[in-house]
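This report concerns only the one structure given below.
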Amino acid sequence: FLIPSSDPSLRHYSSCSGCARREIGSGRMTTGGRAVLLLPLLVVSALFAQIRASDPLFHESFDEGFEGSWVVSGKEEYSGVWKHEKSDGHEDYGLLVSEPARKYAIVKELDSPVTLKDGTVVLQFEVRLQNGLECGGAYLKYIRPQEAGWDAKEFDNDTPYTIMFGPDKCGSTNKVHFILKHKNPKTGKYVEHHLKSPPSVPYDKLSHVYTAILKPDNEVRILVDGEEKSKANFLSADDFEPALIPSKTIPDPDDKKPEDWDERAKIPDPAAVKPDDWDEDAPTEILDEEATKPEGWLDDEPEEVDDPEAAKPEDWDDEEDGEWEAPKIDNPKCEEAPGCGEWKRPMKQNPAYKGKWHAPMIDNPNYKGIWKPQEIPNPEYFELDKPDFDPIAAIGIEIWTMQDGILFDNILIADDEKVATAILEKTWKPKFDVEKEKQKAEEAAAADSEDLSEFQKKIFSVLYKIADIPFLEPYKIKIIDIIEKGEKQPNINYNFDFGLCHCRHCDCTLQSPVWWQEASGTCEARC
């Protein structure tokens, strides 16, 4: 189907096979007796191209489980058990970290390696920290091609990767890692390059999606839940540590500081002399000779007296326990007087005190500055227009974590940002919206019980003061430990009449301390 035109440049057209000729003009078209319909063919071709462009290069939804597709490391140290489980509150399945305080390792080999050198590449996956993340990782490793004969069951921390990407939190570490391993063409060594300004890990227990977009102009963008949190350039020394391209020069390791090099900017004045009236032995304080004893001072009254209400215990044995002495209390007569006992003149600052004499500092005439070794050409320096990425041949999860309940889902590699966004909107967004609404409801319920929480805080404040009572000092550590447990488990009541513990979560009553287990949703008795 062709539209008639008067454009001379369109008066003749021959197909590449020479089988058809069209004369365009005056509304006529001839094809040697056969009509050639180009538009349907073009439409079909474009449709197939569009369908191909809408497919991700790799997408793991875990709808059908992972056995037979993913390979669990056979290394003994990785004792953590992976499970195919539903996300809490959803019908959607994922890959679950099922046990706390374990090392985990699992890997999926791709049908064909994904190159990172041409065009845009999007790395994306979901993680839900269902029990939070106090100390552990939830990141992915994008594995480069391994040596011939490599067995996926050998996957471990030392398996070489191209990119490591995802959440990591422990102690002062709280970041969404993006680490590139790049080969130095001069030395042949691989160097880890860390994104300097990674985003932080969301603190809640909701599903979150992490996206890294690698662009052909050397730009990398990090998104969390579809929102850009960090942007960097692979070749910028300001964005990666260490810089991808080494510095042109380095300090000469063989250069040594001369023995006569003086780095002191100031020196004591050699011509200065201590003044004759400078007394280095004068004390810092002296008696205040002008002070007078306050009127009403009780010289004959001691500061402490025997407690008149104290009585010798009936079972006190003088021979075994020694002579009994009543405990001391503050002398009540001294409370109204300015003081008791022998009055002594107070001390005051000595106006003649000057301390040890030091010569004043002057500019050093021999000062040469802080010595630095001379710069020499860096033998590891190279120039680069684009990073020389290794392909991605496999995707691995190799983590150590103190938390269970980490759920991975919808692991994706695409060459089109729109594809990644479409999958995000289809798979992650509905789950997140449901979880967010549930969180709001829980926060509203917690706000309703705020008065009770404030009351509990006052109770615990009093308990901490009780722990500071002197005669309880030997038991202070144990008392504080119990109080801290109580703060974490405020829903436990103790019935002093019957010696029973009662949990308001599940209405259980036991004759021993009870602690509510958030993970299992049950009460557990502990002595």
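Each position is counted from 1, following the chain as shown.
Each Cβ is built from the backbone N, Cα and C atoms, and glycine gets one as well.
Per TrEMBL, the cysteine from Cys19, Cys135 that shares a disulfide bond with Cys170 is Cys135.
Around Cys170 (disulfide bond), the same-chain residues at least 6 positions away in sequence with a Cβ under 8 Å from its Cβ are Glu134, Cys135, Gly136. Around the Cβ of Cys135 (disulfide bond), a 10 Å sphere holds 14 further Cβ atoms from the protein chains shown.
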